[in-house]
Amino acid sequence: MNQQLSWRTIVGYSLGDVANNFAFAMGALFLLSYYTDVAGVGAAAAGTMLLLVRVFDAFADVFAGRVVDSVNTRWGKFRPFLLFGTAPLMIFSVLVFWVLTDWSHGSKVVYAYLTYMGLGLCYSLVNIPYGSLATAMTQQPQSRARLGAARGIAASLTFVCLAFLIGPSIKNSSPEEMVSVYHFWTIVLAIAGMVLYFICFKSTRENVVRIVAQPSLNISLQTLKRNRPLFMLCIGALCVLISTFAVSASSLFYVRYVLNDTGLFTVLVLVQNLVGTVASAPLVPGMVARIGKKNTFLIGALLGTCGYLLFFWVSVWSLPVALVALAIASIGQGVTMTVMWALEADTVEYGEYLTGVRIEGLTYSLFSFTRKCGQAIGGSIPAFILGLSGYIANQVQTPEVIMGIRTSIALVPCGFMLLAFVIIWFYPLTDKKFKEIVVEIDNRKKVQQQLISDITN
């Protein structure tokens, strides 16, 4: 439990999430708008596609988790995927923004499905081992909290940078001009992403000792089945991700049709990510040390709920107050997103404590499965609300559409953050219990190692 990690290792690990988000954040920020306003895919078709493919991605996570748990190489279980899986991922991150505008609508939809599914599968085969790697680097709670904070900051900075780089380029641009912008930036980001993944690979090591051999699929599933804290955390994560992606998918529509100024898109993303997540993530290790991971999550969820409720009421009549409300909500959301990674890592030890079986890959994949479902639901809710309210691309919108956009960006996230608070209120794995579990696991390993040594001698 004493594996203290250097800042070089922590920063190197976080660069992997920068690379992750070159593919991931582009989709969250721009893909729905690209499909509807540039590629000419209908809002309802785009929303359905985003929902179905992200559900496919969720199942791809489970497949990837099992693949990861079955691998053991001279580089470890997880690091090889960062080395060999990145090129296909980055290629698909370019292809999803390459819908040819002169195709028929049906051809565009088929191409969107195929390329987005390919992106999701490749992302799972890189992101699952990347996330699982944290559980193998250390069992020390503060170091795990720092890893979570570092990747949270890295992801948020990536969101902000992409918004500042690409947002102004598409401001007041025609659909034809936007095509060139998306093509240029996706290629640049793909090359940079491969470099950053390699740095992450070289900067990290797997330090947690494993004694038990790779378990069968049946034993692995039985281990998951008994892990009640993992299932509760997954449901809480589902709610937080629905909230997060409802905001991300609605932001461009909010600034374009409610505020009537796409130039404010970068400001909105800046407040949501830099002021929110980057401001909150450094606070999390200290909060964890003082009040524990569970209470840290609860404070974040409550702050997010109140912030989004205020944002809804002021989202039209006062932009400065609306930005303050969004900042409050984003700080709360940032706290929950950051501490979530440390909570997930703890559930690996809980499963090992109950059954003697350590399955980082499958545990993380189930956690990621529910996160992907949250992304799917949260990302598609705005599309469905737009369709139901009568949205027509690139036109002056009706009051019903404006209310739909406000609901998507504020009320939907408010409700799901409140639900996350209620669920984690009953979360059973406290920091005190976790420390007892790690001590027990270490004692078991010492006994097993001694038995192996005695038999060998």
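Yeah, the Cβs are placed from backbone N, Cα and C, and that goes for glycine too.
Keep in mind that this is a model prediction, so the values were computed, not measured.
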Practice prompt. State, for S318 and Q395, whether Swiss-Prot gives them the same topological domain name and hence the same side of the membrane.
Written response: yes
Item to complete: May I ask for the residues of the chain that lie six or more residues beyond the transmembrane segment (297-316) and have a Cβ under 8 Å from a Cβ within it?
Response: 236, 240, 243, 254, 258, 280, 287, 291, 322, 325-336, 339-340, 343, 402, 406-407, 409-411, 413-414, 417-418, 420-421, 424-425, 427
Worksheet entry | Across the topological domain 'Cytoplasmic' (61-79), average pLDDT on the 0 to 100 scale | 84
Worksheet entry | Top Cβ-contact partner of the transmembrane segment (264-284) among 12-34, 229-249, 321-343, 409-429 (pairs under 8 Å) | 321-343
Practice prompt. Would you kindly list the residues that approach the topological domain 'Cytoplasmic' (130-146) from elsewhere in its chain, counting only those six or more residues past its ends and only Cβ-Cβ distances under 8 Å?
Written response: 1-5, 9-10, 13, 16-17, 20, 65, 68, 76-79, 81-82, 200, 204-208, 284-285, 288-289, 293, 338-339, 341-342, 344-346, 348-349, 360-361, 363-364, 367-368, 431, 434-435, 438
Practice prompt. Quick one: find which recorded stretch in 109-129, 229-249, 321-343, 373-393 has the most Cβ pairs under 8 Å with the transmembrane segment (38-60).
Written response: 373-393
Item to complete: Answer with yes or no whether the transmembrane segment (80-100) touches the transmembrane segment (229-249) by the criterion of at least three Cβ pairs under 8 A, sequence separation 6 or more.
Response: no
